[in-house]
Amino acid sequence: MEQGNLSMVAEFILLGLTESRELQIFFFIFFAIVYTATVFGNLIIILTVTFEPHLHSPMYFLLANLSFIDMSLASFATPKMIHSLASKHKAITYQGCMAQMFFLHLFGGSEMMLLVAMAIDRYIAICKPLHYATIMNYHTCFGLVLLSWMTGFVHTMSQMSFTVTLPFCGPNVVDSFFCDLPRVIKLACLDTYVLELLVIADSGLLSLICFILLLISYSIILVTVRLHSSNRSSKALSTLSAHITVVVLFFGPCVFIYVWPFSSISMDKTLSVFYTIFTPLLNPIIYTFRNKDMKRSIKKLKNQLLSSTYLDHL
Ligand SMILES: *[C@@H]1O[C@H](CO)[C@@H](O)[C@H](O)[C@H]1NC(C)=O
């Protein structure tokens with residue numbers, strides 16, 4: 001009898017970012033704009049890379065894949081949060097909650113590995129320029145994309161496989177705007193201390209390993225660029241600074257949350273806004289504004305679109 005009643009939580013309550021009504025209205029407008037811009041900006045990058053033969057190179061393929069992951073990362077929780085801000089509807093079903101955690105770690109893990117793949121691509125282009133075309137062929141590029149999705153999948157499965165078996169028998173209030181794995185695990189009717197450590201170690205280790213790999217590859221690249229001062233290297237430097245900005249913005253909050261042992265819970269909530277909402281918007285901004293080829297291609301595509309709709313009307 002009692003056993004059957006154990007796993008009874010049918011929904012979780014997400015407290016959201018704030019309880020103040022005025023702030024909720026402000027956040028509703030603000031995040032609706034940010035979300036729309038994120039989807040729009042990343043779609044432009046994907047369409048430009050797909051339809052512009054000039055941009056069919058490994059670097060831009062990886063960039064388009066990053067945009068795809070960014071768009072997914074922005075979509076797993078933000079639309080629901082925006083909706084709750086407007087409707088005061090704070091509940092999320094048990095299945096919805098599990099899905100949010102699954103997708104956050106799938107997309108988050110894939111994005112980290114893809115950033116490493118982009119660093120490897122730049123490393124080969126700058127440090128082994130003569131072998132670039134042979135090493136970074138379509139198969140390698142496809143392999144790197146596959147590797148990042150596999151990493152994300154293994155990472156999320158390693159945590160979700162035991163999370164879905166946890167019994168939730170009463171407490172169901174999550175103090176965040178999405179189902180955050182460490183917080184949800186705390187609600188289970190078990191002693192979850194070991195599981196909490198496992199989750200922190202799992203995500204922490206993945207972010208730390210990727211971060212160290214990125215640090216090493218970008219250090220080598222920067223040293224190489226400094227040694228060969230030519231006008232090619234100034235272009236490389238501007239591409240690199242875009243990459244490094246993205247890496248710092250994405251990993252800063254992650255490493256802080258999972259690796260820094262003294263961070264407080266309320267701090268975590270604010271920081272998670274960064275990697276779920278702001279970074280996916282920043283990637284298109286940083287890459288399109290800093291990159292001349294990208295800007296030129298977007299303009300060309302826009303003109304083609306305009307002239308073709310014009311011709312349709314003739
Ligand atoms: C992702 O990368 C693969 C392999 O390089 C490429 O074929 C594909 O078009 C890219 N995806 C997007 C959305 O551009």
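Placed from the backbone N, Cα and C atoms, the Cβ positions cover glycine too.
Some features that TrEMBL has for this protein:
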type	residues	note
TRANSMEM	25-47	transmembrane segment
DOMAIN	41-287	domain 'G-protein coupled receptors family 1 profile'
TRANSMEM	59-78	transmembrane segment
TRANSMEM	98-120	transmembrane segment
TRANSMEM	132-154	transmembrane segment
TRANSMEM	205-225	transmembrane segment
TRANSMEM	237-260	transmembrane segment
TRANSMEM	272-289	transmembrane segment
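Sequence-distant contacts of the transmembrane segment (98-120) (same chain, at least 6 residues past either end, Cβ-Cβ under 8 Å): 59, 62-63, 65-66, 69-70, 72-73, 76-77, 80, 92, 144-145, 147-149, 151-156, 159-160, 163-164, 178-181, 184, 203, 206-207, 210, 213-214, 217-218, 221, 243, 246-247, 250-251, 254, 275-276. Residues of the same chain lying 6 or more positions beyond the ends of the transmembrane segment (59-78) and with a Cβ under 8 Å from any Cβ of it are 31, 35, 38-39, 42-43, 45-46, 49-50, 99-100, 103-104, 107-108, 110-111, 114-115, 117-118, 121-122, 125, 141, 144-145, 148, 177-179, 275-277, 279-281, 283-284, 287, 294. Outside the transmembrane segment (205-225) by six or more residues, the chain places 109, 112-113, 115-116, 119-120, 122-123, 126-127, 151, 155, 233, 236-237, 240, 243-244, 247, 251, 254-255, 258-259 with a CB less than 8 A from a CB of the stretch.
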